[in-house]
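Straight from TrEMBL, the features:
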DOMAIN    A:13-196  domain 'Survival protein SurE-like phosphatase/nucleotidase'
BINDING   A:Asp18, A:Asp19, A:Ser49, A:Asn105  divalent metal cation binding site
2 protein chains.
Amino acid sequence: MINDSIFKKHPLILVTNDDGIYAKGINELVNMIQDLGDICVVAPDSPRSGQSSAITSELPLRIKCISNQNEYKAFKSNGTPVDCIKLSINQILNHRPDLIVSGINHGSNAGASIIYSGTMGAVLEGCLIGIPSIGFSLCSHDPEADFSPCREIVRKTCKLILEKGLPQNVCLNVNIPTGSPIKGTRVCRQAKGYWTEEYEHRKDTHEQDYYWLTGHFVNLEPENKETDEWALANGYISIVPCTSDQTAYSAIPDITHLIEKK
Amino acid sequence: MINDSIFKKHPLILVTNDDGIYAKGINELVNMIQDLGDICVVAPDSPRSGQSSAITSELPLRIKCISNQNEYKAFKSNGTPVDCIKLSINQILNHRPDLIVSGINHGSNAGASIIYSGTMGAVLEGCLIGIPSIGFSLCSHDPEADFSPCREIVRKTCKLILEKGLPQNVCLNVNIPTGSPIKGTRVCRQAKGYWTEEYEHRKDTHEQDYYWLTGHFVNLEPENKETDEWALANGYISIVPCTSDQTAYSAIPDITHLIEKK
C-alpha cells in the first residue's frame with residue numbers, strides 16, 4: 001500500500017473518469033459529493049476516452065499523488081480507467097471502497113456508446129469485483145460545460161446506493177440531458193443501435209494515407225420509450241442497470257440446439 | 001474504399017485478432033477456414049491484448065496491405081481490434097462480410113476475461129453491426145502453441161454459422177482446452193468471478209516506483225457445470241452465446257422501485 005492510514009472515514013468513495021484528472025467533469029463530481037464520505041480520486045493523467053475495459057499489461061504503470069489536502073486525496077496514473085480501479089484496490093487504498101463513481105463524462109454514454117466508454121469500463125470493473133458502482137455522463141462534449149443539471153441526481157443516487165447498495169452484478173449508467181428543465185428520471189434499457197463510422201480519409205505531408213474516426217449513432221428504435229436514448233431526447237435523465245456478465249442467456253437453448261444437432 | 005473489386009466471391013469472411021497479424025494463432029485460423037470462402041485478414045500490426053472494445057479517436061489510423069496473393073488478402077493497421085473491424089467495413093471491403101472470426105487467441109477468454117479481451121472486442125463489434133461473429137481462443141499463452149485441437153470446432157462452427165446465421169444481437173465466445181482428448185462441446189454461460197491483481201511493485205533505475213500487472217482469475221463457482229470455466233477445466237470446448245447489450249434486464253424492476261420510491 002502506498003498510504004497506510006490516510007483513509008479512515010466511512011463511507012469511502014473512489015472517484016475516477018476517462019477524460020483525465022484535469023477535466024472539469026471529475027472536479028465537479030468531487031465537489032458535488034465531497035460531504036458524503038471520504039473521497040479518493042484515482043484517475044488517468046490524460047484523456048482516455050474510448051478505452052472501454054482496456055487494461056495495461058505490457059507497460060509499467062505509475063501512480064503520482066497530486067493532492068493530499070484535508071478535503072480529499074487525489075492520484076493520477078498513466079493507466080486506463082480500469083487500471084485506475086485495479087491500482088486503487090490493490091495499491092492505494094487500505095480498505096475496499098463503499099462506492100465507486102466514474103465521470104462526470106463529457107458526452108453521452110447512452111445506447112451503444114457504453115461498449116466503448118472508459119467511464120463505464122471503470123464502472124463495470126467495480127461491478128465485477130462486487131463494489132456498488134455508478135457512471136455519470138452529461139450529454140455535452142464541451143470542456144467547459146455547465147454540470148449543474150447533474151448535481152441533484154448525482155447526490156440522490158450516491159446517497160441512495162451508499163444506503164441501499166445494488167443487486168449483485170449490477171451497476172448503473174446514468175446519463176443527464178443538457179437544456180432545462182429536466183422532466184424527471186427514467187429507469188430504462190440500452191437503446192439498440194450502432195455507430196456508423198465515416199472515417200475521414202486524408203493524405204499526410206508525405207502523401208501517405210491516414211484515417212480519422214468520425215461518425216454518428218444510428219438509433220434503431222427512436223420511438224421506443226423503454227430506451228435510454230428516448231429518455232434523453234425527451235428531456236429525462238436515463239438510468240440503465242448494467243451488468244458485466246455478457247452471456248446472452250435467452251440464446252442458450254437455440255445455440256445448444258444448433259450445435260448439438262450437427 | 002481502398003480496393004474496389006478485390007472481394008467478389010461469397011461468402012466473405014473477415015478475420016482479425018488481438019495478438020497481432022504476425023501471431024501464430026491468426027495464421028493457423030486462416031489455414032483452417034481458407035476453403036470456406038473469400039478471406040480478408042485485417043489485424044493489428046502489433047499485439048493488442050487486453051484492449052477490450054477500445055477505439056482510437058485521437059490518433060490517425062493507417063492501413064497497410066501486406067499480402068495480395070490469390071489465396072487471401074491481408075492488411076495490418078495501427079489500430080485496436082475494434083478499429084480493424086470498423087476500418088474493414090468502412091474503408092477496405094466493398095461489401096459486408098458474411099462472417100467475422102477473431103483469434104485464435106493465445107490464451108483463454110473464458111469467465112470474466114471476456115470483458116478485457118480485444119479478441120472478443122472485435123466479435124462484439126461485429127455483433128453490434130449485425131454480422132455473425134465468433135471468437136476462438138486456445139487455453140495456452142505459448143506463442144508456438146499447437147493449434148490442431150482447434151481445427152474441428154473452428155471449421156464446424158464457421159460452416160454452421162455461415163449456413164444458419166446467429167440470433168440478433170448474439171455472438172459466440174468459443175474456448176478450446178489444451179491437452180487431449182477433447183471430451184466434447186458444451187454450450188454454457190460465463191462463469192462468475194473476477195481477476196485479482198497482485199501488482200508487482202518495483203523501483204526503476206532512478207528509484208521511482210512502478211507497477212506491473214499480474215494476478216489470477218478467482219472462479220466463484222468452480223463446481224458449476226453450467227459455466228465455461230467448468231467445461232474447460234474438465235476437457236470440454238466451451239461455447240458461450242454473448243451479447244453487446246449490457247442492460248441488466250432482470251434488475252430493471254428493482255432499480256425502478258429504488259429510484260422512484262425516493
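Each residue, glycine too, has its Cβ placed from N, Cα and C.
Proximity to chain B, defined as a CB-CB distance below 8 A, holds for none of the binding-site residues A:Asp18, A:Asp19, A:Asn105. Minimal Cβ crowding within 10 Å, among the binding-site residues A:Ser49, A:Asn105, is found at A:Ser49.
Counting other C-beta atoms within 10 Å of each candidate's C-beta, the binding-site residues A:Asp18, A:Asp19 are led by A:Asp18.
Excluding the listed site residues A:Asp18, A:Asp19, A:Ser49, A:Asn105, the same chain places A:Asn17, A:Gly20, A:Ala23, A:Gly25, A:Pro47, A:Arg48, A:Pro81, A:Gly103, A:His106, A:Gly107, A:Ser117, A:Gly118, A:Thr119 with Cβ atoms within 8 Å of the centre of the divalent metal cation site Cβ atoms. Look at A:Ser49 (divalent metal cation binding site): DSSP puts it in coil.
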